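K.L.:
The transmembrane segment annotation in TrEMBL covers 29-46, 66-83, 90-111, 161-181, 193-213, 245-266, 272-298, 305-327, 333-351, 403-424.
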Amino acid sequence: MDALRDEEDAAAPLVAAPVASRRSPAADAHILSAAFLFVFSAYGAAQNLESTVNTKGDLGTVSLGILYTSFTLFSVVASPVVTRLGPKRALVVGSSGYVLFILANIVPTWYTMVPASLYLGFCASIIWVGQGTYLTSAALSHARDNNLPEGRTLGNFTGEFWGIMASTQAIGNLLSLALLRNGKDGGSVTGKNLLFVVFLGCMIVGIVLMCLLSEREEKEHNDSLHSSFGAMLKYIVAPLKDRRMLLIIPLMVYTGLQHAFVWAVFTKSIVTPVLGISGVGGAMAIYGAAGAVCALVTGYLTSGLYSATLIVSTGATVQAVVLFWLLLFYSPMGGVLGAVAPLLIGALWGAGDGMMNTELNAVVGLLFEDAKEASFAQFKVWECGAVAVIFFLSPHITLQAMLILMTVALFISFGAFMLLTFVVEKSSAVKS
């Protein structure tokens with residue numbers, strides 16, 4: 001009997017092991033990327049259409065300005081909210097705002113769009129801080145579990161995520177191209193409503209996928225973080241005391257500027273005069289496809305700050321070429337060449353965005369591993385503040401003035417990032 005009992009005891013762990021097993025961090029990263037693919041294929045295409053579909057009283061543009069102002073303000077306090085909820089629950093709660101925004105677009109009035117935009121600003125702040133925290137945590141866990149270099153692993157995870165995120169522009173805008181009938185008003189009402197119902201279905205699939213994620217709670221900070229308002233405020237502003245954060249903020253701002261430039265200026269002032277409103281979907285699909293390819297490739301080429309600097313330099317150069325082309329040489333024209341030019345501009349801009357956005361997220365996760373929530377919250381504060389500025393500013397300034405603003409911002413942000421590289425490398429050399 002004793003021998004039989006010993007055999008049963010020895011077998012028990014083998015039977016229990018499958019119950020205790022957890023999904024790998026890499027699998028969670030794949031699920032996270034797929035969830036964002038569904039949610040943001042819908043939202044990204046809807047956002048691109050705002051300035052051309054909801055034109056009465058500039059409802060679409062003003063709604064986006066309100067959204068990103070709300071996003072900026074709520075991002076200030078997003079990090080303690082995400083820490084309290086945990087990144088997975090923050091992702092699920094945050095996705096609800098995107099659903100409400102799509103529903104508001106089915107019946108677009110000031111009474112539906114403005115409240116939906118305000119609420120989405122809050123939801124966007126926690127979903128993006130949650131995303132940065134969750135993805136960084138999964139990447140670093142995968143690196144430690146498999147004895148892999150943290151920088152390269154984080155670059156791979158980030159590259160996959162942002163490559164898939166960039167492809168949402170292609171997928172969502174192809175849906176718009178297929179379902180919206182060409183019309184001077186942006187498409188028939190029936191076509192528009194059908195499109196937004198399809199968007200709603202995509203978002204529901206994305207939310208279900210988010211519910212399947214493993215829990216990745218950062219519990220070690222929770223008690224001390226929320227012991228008092230002062231402690232919470234100290235945690236929020238702590239990254240601003242870090243010289244590295246101050247040097248990377250200009251690139252965060254430029255990231256917001258260049259995204260808003262595509263959404264508010266490129267579609268309206270460059271694509272529509274040549275290709276019409278029906279061409280916006282195709283141009284943005286090319287922009288997204290180029291960004292997706294570059295994000296995936298550069299993510300796998302990332303091994304640390306040095307490689308990230310080379311990739312950011314390449315992306316900045318590509319976008320600088322586009323800005324100088326638009327400033328000095330570009331003018332709308334007819335014929336095949338005239339139709340191809342906006343598509344080529346979109347492809348180049350998307351390529352630069354794919355490189356810089358991927359590397360910026362990887363660098364933030366790598367440099368500020370001990371304060372992920374607060375650091376990604378700072379990222380969203382500065383990025384979304386810049387987006388809001390463009391949405392409010394674009395109706396009141398010329399294309400030339402906007403291009404000059406973008407060019408100056410690019411040079412300042414790139415210079416600050418190069419100085420960051422120097423400071424980090426110098427600090428590493430001193431420590432070694």
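Any Cβ shown, glycine's included, is placed from N, Cα and C.
Predicted automatically and left uncurated, TrEMBL annotations should be read as such.
What's the neighbourhood like for these features in this structure?
P.N.:
Sequence-remote contacts of a segment are chain residues at least 6 beyond its ends whose Cβ falls under 8 Å from one of its Cβ atoms, and for the transmembrane segment (29-46) they are 91, 95, 98, 101-102, 105, 131, 134-135, 138-139, 142, 157, 160-161, 164-165, 167-169, 171-173, 175-176, 196, 198-200, 202-203, 205-207, 209-210, 212-213, 281, 284, 288.
Under 8 Å from some Cβ of the transmembrane segment (90-111) lie the Cβ atoms of residues 32, 35, 39, 42-43, 46, 53-54, 57, 59-60, 67, 81-82, 117, 119-131, 134, 193, 196-197, 199-200, 203-204, 206-207, 210-211, 213, all in the same chain and six or more residues away from its ends.
Distant neighbours of the transmembrane segment (193-213): 28, 31-32, 34-43, 45-46, 88, 91-92, 95-96, 98-99, 102-103, 105-106, 134, 172, 175-176, 179-180, 187; these residues of the same chain sit at least 6 beyond its ends, with a Cβ under 8 Å from one of its Cβ atoms.
Nonlocal intrachain contacts for the transmembrane segment (333-351), taken as residues 6+ away from its ends with a CB within less than 8 angstroms of a stretch CB, comprise 166, 169, 258, 262, 266, 270-271, 274-275, 279, 282-284, 286-291, 293-294, 315, 318-319, 321-322, 325-326.
Using a Cβ-Cβ cut-off under 8 Å and counting only residues 6 or more beyond its ends in the same chain, the transmembrane segment (403-424) has close neighbours at 243-244, 247-251, 253-254, 257-258, 261, 305-306, 309, 312-313, 316, 319-320, 323-324, 326-327, 367.
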K.L.:
Can you work out which residues elsewhere in the same chain, 6+ from the ends of the transmembrane segment (161-181), have a Cβ less than 8 Å from its Cβ atoms?
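P.N.:
Here the qualifying positions are 29, 32-34, 36-37, 40-46, 48-49, 131, 135, 187-188, 191-192, 194-195, 198-199, 278, 280-282, 284-296, 299, 350, 353-354, 357-358, 361.
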